Amino acid sequence: MQEYLNFLKYIKENGVLKGDRTGTGTRSIFGYQMRFDLQKGFPLVTTKKIHIPSVVHELLWFLSGSTNIKYLNDNNVRIWNEWATVDGELGPIYGKQWRDFNGQGIDQIADVIQMLKTNPNSRRILVSAWNPCVVPSEKISPQENVVKGNSALPPCHAMFQFYVANNKLSCMLTQRSADAFLGVPFNIASYSLLTNMVAQQCNLDVGEFIWSGGDCHIYNNHIEQVNEQLSREPLALPTLKILRKPNSIFDYKYEDFEFENYNHHPAIKAKISV
């Protein structure tokens, strides 16, 4: 995935130093886009190991509409633990907005599937996780925000839109805040997987996944890791195989997915900024 390495290099060479909510500090640019042809392999970063179970389980968790980390923890995925309450609650984050926007019964995922099947030329086939009514305050902790009825964190990947041409399904993600080293490889994999799942449900082939970032940043304590990753040569992309077609987008299981020939360089550890 040379596209991703080019992204890291661009931020490193052109980013401006900025403060941020976490106090860590970043090197930041505004506005960047990457395109991945899903016919040419699954865009899983190979210059470091990506933890596939976390990608898959988190996406299934979003699709379930859950906002409690119990399912994730039961499957040894702990990527949300720092922001949850003692009861495991995260407030009305992604799953809630996808499946029951603003608590008003609007199932955006079901609506998208229906529109793709009945009106694939529509320019309104999109899902928004950004709900101003529940954006948390930066003046109090994530846990305190949850108690007040807000989300623990505002959505970083805020909106995604589907597009059909020549019987191929493409998806474009708009990400307002992009942690280039830790988050973006994960987001690319997650939404590419979702695109494959939606395409299967709608009897479409896959087209492109397009990633569009707003504030794209490398945290100051990730520079050494970024340099290590940039020194590595990308390997051939793996292939995604979906082993069955369930009755609904909501019925997939972890075991339904195989990532064939995922060859990768060793993992690179880095601290997440909370």
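Just so you know, the numbers here start at 1 and follow the chain as drawn.
Cβ atoms here come from the backbone N, Cα and C positions, even for glycine.
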DUMP site partner of Arg21, Arg123, Arg124, Arg176, Ser177, Ala178, Asp179, His217, Ile218, Tyr219 (as recorded in Swiss-Prot), chosen from Asn14, Asn131, Asn187: Asn187
Check the binding-site residues Arg21, His51, Arg124, His217 for other C-beta atoms within 10 angstroms of each C-beta and report the one with the most. His217
Cβ neighbours of Cys156 (active site, nucleophile) where a neighbour is any other Cβ within 10 Å: 18
So of all those recorded positions, His51, Cys156, Ser273, which one's Cα sits nearest to Arg21 (dUMP binding site)? Ser273
Span of the dUMP site, taken as the largest CA to CA distance across Arg21, Arg123, Arg124, Arg176, Ser177, Ala178, Asp179, Asn187, His217, Ile218, Tyr219 (Å, rounded to a whole number): 36
In the chain carrying Ser273 ((6R)-5,10-methylene-5,6,7,8-tetrahydrofolate binding site), residues 6 or more apart in sequence that have Cβ under 8 angstroms from it: Asp20, Thr22, Thr24, Asp179, Tyr219, Asn221
